[in-house]
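Participant: The structure's right below; bear with me while I get my questions together.
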Number of protein chains: 2
Amino acid sequence: MTTTQYLARQLLAHKVLHVFGVPGDYSLKILDTFIKEGLQIINTCDEQGAGFAADAYARLNGLSAVCITYCVGGLKVTNPIAEAYAEKSPVLVISGAPGISERKKDPLLHHKVKDFNTQLKVFEALTVYAAILENPRDIGEQILKAIWLALQYKRPAYLEIPRDMATAEIAMPDEVSISGDFHSDPKALEEALTEAKQMIEAATQPLILADVEIQRFGLQKELEQLTEATGIPVSATLLGKSVIAETHPHYIGVYEGATGSEEVCAFFEKSDCLILLGVFMTDITLGSTRSVLDMGKCIYATSEKLMIRHHTFEDVRFEDFVRGLLSLNIRKTLPQNLPHPSIPSIDRIDENQSVSVNSFFTIVNTFLSSQTVVIADVGESLFGSIDLVIHESTEFISPAYYASVGFSIPAAIGAALAKPHLIPFVICGDGAFQMTGIELSTTCRYKLHPIILLLNNSGYSTERIFLDGPFNDLMNWNYSKITELLGCGKSCVVKTNRELKKAIERAIETRDSFWLIEVVIDAADRSKALRRMAQRIMP
Amino acid sequence: MTTTQYLARQLLAHKVLHVFGVPGDYSLKILDTFIKEGLQIINTCDEQGAGFAADAYARLNGLSAVCITYCVGGLKVTNPIAEAYAEKSPVLVISGAPGISERKKDPLLHHKVKDFNTQLKVFEALTVYAAILENPRDIGEQILKAIWLALQYKRPAYLEIPRDMATAEIAMPDEVSISGDFHSDPKALEEALTEAKQMIEAATQPLILADVEIQRFGLQKELEQLTEATGIPVSATLLGKSVIAETHPHYIGVYEGATGSEEVCAFFEKSDCLILLGVFMTDITLGSTRSVLDMGKCIYATSEKLMIRHHTFEDVRFEDFVRGLLSLNIRKTLPQNLPHPSIPSIDRIDENQSVSVNSFFTIVNTFLSSQTVVIADVGESLFGSIDLVIHESTEFISPAYYASVGFSIPAAIGAALAKPHLIPFVICGDGAFQMTGIELSTTCRYKLHPIILLLNNSGYSTERIFLDGPFNDLMNWNYSKITELLGCGKSCVVKTNRELKKAIERAIETRDSFWLIEVVIDAADRSKALRRMAQRIMP
């Protein structure tokens, strides 16, 4: 079996059916073999789009792959791959490259930067595993290791395939030996769980804060069982939004120190036992001006660290700890006086009025169901989404921590391919659309039908609250005319609440291409979350 | 003076009047100060566009700057910066970043990837100097050093400005001490020149091959004087095309082993003394199947290395060596039987016929003058350009070695700002346009008026000759409708030679916005150069 055949079969074995990318001469043989092995190649307009699409696909599918050419392709996916690293998304980067035999004497082959290790060095800074496949004896093991580490850490890995290695016959690796021994130390686990149980039972108001690792490690069911068995209420971070159905009676809403609701913040601060599950301790989550978290009341478990109060436990796996909590038979206390995310009332919306940020999210909320996946871009698209109530089984994805603008439209490509039964609802701003909106072309090419809600508020509105200047302005496009340029898709512009409602209804009814709904918003309008952030961060 | 004020004044002192970028919260203060100091900020749709624009600006202006935010911005310019490194273009990367005081205890601030050194590590692999400005005592020196090294090596440098350092008062550096001692060793220089003179005078058919370093070090006049004083004919690489007027009687045409004309290849191979000035020994220049260059007949001078036959000289500056050659009074021999680039005859073009790759370049050629700058993208746009005859003072820029598709339209923004008196003629393919064509928006915003010639040949045609598959196809857009989307610009579609001619005439006459001319070409048509490459590279 050759390198590329083996790699293709490993991808298929992990349910990766699509590979995103843009071709280049160093990667042609890889793409050709992938097709022959039954993978579908998804060509985006630009490699950046392939990177974001692969990130979204990995979040929903558990693993993904992006295949690009050397440097001119690879260096265009550094930002999406950094995002996948930062927010834990297992993307396999497969880069074509000059052949090993061509590299002798260090010639200037096209696309080379400093030396033949430049791209490797860059990806070493952005992945959990990076290797050049140079020896047919080792290649099989390198492929298995890359995939295993990506799955273990939920983070990207990098494989560089010199073109003369793409078709090389390789030695078959021992699949069992690679995956290695990665179990919890039973004594450490037991000690940690015992201490956790004591803390929780001694507390009068424990609270679980759940973040994205719950989703990445597939522990949503366990989380639900845990809150139901113990009565401990649950809050979610913005990045982790939708790890539990937001309609669940024990769910109190999104906790975001900088932007979240006062009610949830107050409940969080009053809690005397915080169970932080898979939480990224980010500046956005913890808030820029809130008091420092008292670790003395925290049980802090992630895939990288288990810390109870001020001490850490080594060799305890995140999954084992979460499942362990469930098996502890913690005394059940019925939660009382819980805040609940208030479902914004559609009845208060005047249909004849212009759309505001608030009415926009209220209206969108009425269309969400277990058949939708919401993909929010950065800025108001994300802040406003705090108030969406995500139903059971509904998915919500966003780059809420890494915050790379332009993620959402290419991400919709990945989401639509990973979960073809869901309707992608993309919420993005004009700034994001100008970066990557052109990838709607790719949705036409592969017959995907996302619904794009473009919040046009005339510029980078989130930045305006920090420091405004002409650099926060944007050219105002006739966004809906993108259908003319691409020769496909459907679009409209809406200004009133009634028009917005009708447009979404029509888009859901006639899903045979992408639908772009441009929603014109007053440039001075702000979401509640953004107003809270402005108040809390500003002096 | 503060960090940003000092940096702004250094940029202005080096005639950098424009800074390209996309804003982000970590970079807002920098942009604001830049404007107050008199720099103009050019906001592109995406950071990739800013990177390519800055590269082109540096090629024509001698230095440029791109200012972006941390990671989500910085990691989007890695590919254009790698291009600037590979093809020697001094771009200063200025990145906003989390403040030094915020970095204590290594918190998860938004946009962070692995640790606070991630972006620094990435740019260390892509620049000649990379530093985080952390101490007001050293910052002035770091800024001077970055600029000095960028100018010395004609390569990018990286400055990361933590946001609390952006407005810090800094110590004024000693400007003289930084620029240091970088002179040629006079004895080594003399020995090298003496040997070079002997070799040249002993040869019967010496030939100068001039590459892009001649342009980067501003030695075009010296090259012209050298060929006129000695009678030695000149060839140029594709990357170096236009370092000498292609109408000069001593100029024999572009030498590209893989794609160049048989006549020039034959002359090059017959030469018994090759004077390679500033040449990148790339696979494209030297050709994939030509015989290996005999270094025993070469004088090989670049900014990094001086090699005569098989020995090297240390400490000889490229500029000193080139100027030294001029002062040697080499015996003049009148060149005889020189090939000349044949100016394709417009008379042979049937105006009623469909445009072919050949007729396209023949027609474009008639519009080139000392008032134009040609910017060629990768693929047929570049291969076909081999046969353009660039007039005296005409500029020609392309990523002929690094070969990153999508360079040309953002590059036109940089070129138009660096040389406002020149008309940018962009030649790009459909693949390139789908990557970065949307940056035409930026030309509207800043009232720039490039002429875009879009060769629509239905896919990645260069790749088709290597290995074809569905991955080389593209969605066919209604490219000319981009004016509808952007709400600005002018466009048309042409199919015959007459229509092409009329369209370019009209575009030159009415230059009050960009002009996009879509030129429909048969997908099976190939330039002469691409056909030569197919023959020489294929088995």
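Keep in mind that glycine also has a Cβ here, set from the backbone N, Cα and C atoms.
Fair warning: this is a prediction, and the values are worked out from it, not measured in the lab.
Residues or ranges marked as Mg(2+) binding site in TrEMBL: B:Asp430, B:Asn457, B:Gly459. According to TrEMBL, the feature domain 'Thiamine pyrophosphate enzyme N-terminal TPP-binding' maps to B:1-106. Positions annotated as domain 'Thiamine pyrophosphate enzyme central' by TrEMBL: B:194-302. According to TrEMBL, the domain 'Thiamine pyrophosphate enzyme TPP-binding' annotation covers B:390-519.
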Participant: Near B:Asn457 (Mg(2+) binding site), which residues of its own chain have a C-beta under 8 A away, given they sit six or more steps off in sequence?
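Facilitator: Long-range Cβ contacts: B:Val357, B:Glu380, B:Gly429, B:Asp430, B:Ile521, B:Asp522, B:Ala523, B:Asp525.
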Participant: Counting only residues 6+ away in sequence within the same chain, which have a CB under 8 Å from the CB of B:Gly459 (Mg(2+) binding site)?
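Facilitator: For B:Gly459 (Mg(2+) binding site), the qualifying residues are B:Asp430, B:Gly431, B:Asn472, B:Asp473, B:Leu474, B:Ala523.
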Participant: Starting from the Mg(2+) site formed by B:Asp430, B:Asn457, B:Gly459, give every other residue of that chain whose CB sits within 8 Å of the mean position of their CB atoms, in sequence order.
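Facilitator: Here the non-site neighbours turn out to be B:Gly429, B:Gly431, B:Leu455, B:Asn456, B:Ser458, B:Tyr460, B:Ser461, B:Leu474, B:Ile521, B:Ala523.
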Participant: For a quick check of packing: other C-beta atoms within 10 Å of the C-beta of B:Asp430 (Mg(2+) binding site), how many?
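Facilitator: Cβ-Cβ neighbours of B:Asp430 (Mg(2+) binding site) within 10 Å number 24.
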Participant: Of the residues in the domain 'Thiamine pyrophosphate enzyme N-terminal TPP-binding' (B:1-106), how many are helix, strand and coil by DSSP?
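Facilitator: For the domain 'Thiamine pyrophosphate enzyme N-terminal TPP-binding' (B:1-106), the helix, strand and coil counts are 53 helix, 21 strand, 32 coil.
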